[in-house]
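Below: one structure, written as structure tokens.
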């Protein structure tokens, strides 16, 4: 048996000025004890840190509230608890609609449950379920999966994945949209998003055909609605049991409410600005009609916005004094982003009708496009449909739209820090996360989030924890600000490696504010009917920039920093010797 070693830390080095790499100040004992008498060391490390407030500059301030009591719980302790979910593997149900490796997954799920994880998120692929033909749904493998998750005591966040798997960052599987939809596209390729050069993107049906009966008499929106209705009918027992608690509605490529402006399958590489995706005949016609109605029938779609891997200054549209700042450019960007808002609003209303009365939340995912955020043009955000500039908020209108459906805004790139990104790409993930979450809280909706890339380091975890409670834990009641939940990307053998999983379990505990797992935190009230449609002018009032809520410099629930990494390596070395 390994001997017991006890260390007493009396001081740690102070953290360097934000946003330098994390060195989290703390004064805490570290006890290293054998667990249940075996040889595996399980360090119990608790860090508490002083916090300084950091404010990122915003262009314009309004009378928005300076803080929001985000938690709805009356329990002063549980009010600080943020549920933590884990994304399952992309191909957990295969393209052939089979559910292999059930024994391995059960073992993994039990490890997650023992670690205190609240639940899992899983893509429910349209290309698998309705593969055989229109309205020919086969839920058999997903029912087996959900039964296993339920057996392991975990909740489920189900994604209505109407997009192709493959072609986006991190995709390791290929699951296309149904062949019968692709067949429609072979006769009418304009059902797919199209760039200026005419290249089609088959990841997701163009929003230009949302309401056109091109699919055997059904519209795209009707297809999505029928799919969700079938899901409810076939998964009603899991809904009634409170196992499925979240329905995230796929609204674009990668399930995100955006255009497919930066597809790796078409040669895009980071940090390219991407391309506008409005050149199919249906969106061309829509724009032509909108421009004519506005008194400018001569206006055409942009022809000076460059190609996927350009930088802003190389284009006429995004460069200094570029087209995006002209009347014509502003009109196009408003139309382009408004179409995205209308698309999301319409499909979320269908989701609300479908799941009305179920004890679930409706959610939509927004992409964390952090590159060129600090460039005046915000080029890649604009090509993706996020009309976000220094003097215009491109995200709060989405939050306002979600508010009428009682929806949750799920945002990505929570783990990223400015200091870790390319200076040449003018990245600003921290400011972007702060802006989007602040907009959601201002619109009085729940905000949730994910990490964009798989990471297992303490720095990434600490950055997520900071966003989960930007002003820390309140020991006497609800925190000032709190996310509704976080989903970790994703379950893998690498996550479950001993060192990685040891840190992850600490992360789970810190997400829960050092409290034990609580099932009641993830209990959901019945979904209410969507409120009346919000006029577009009212949605666009939310484009007026607000001052973001202040963020602490660092989390008060740190999983440790450089010293803890050093100790990990130290103890791992001696555990091998023993």
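Any Cβ shown, glycine's included, is placed from N, Cα and C.
What TrEMBL says about this one:
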type	residues	note
ACT_SITE	256	active site, proton donor
ACT_SITE	450	active site, proton acceptor
BINDING	123, 163, 171, 365, 370, 412, 451, 452, 490	substrate binding site
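Positions of TrEMBL features highlighted on the structure.
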| residue | record | contacts (Cβ under 8 Å, 6+ apart) |
| --- | --- | --- |
| 123 | substrate binding site | 88, 90, 159, 161, 165, 255 |
| 256 | active site, proton donor | 365, 366, 367, 412 |
| 370 | substrate binding site | 413, 416, 421, 427, 428, 429, 432 |
| 450 | active site, proton acceptor | 87, 365, 410, 411, 412, 414, 486, 487, 488, 489 |
| 451 | substrate binding site | 412, 413, 414, 415, 460, 464, 488, 489 |
| 490 | substrate binding site | 86, 87, 88, 89, 90, 454 |
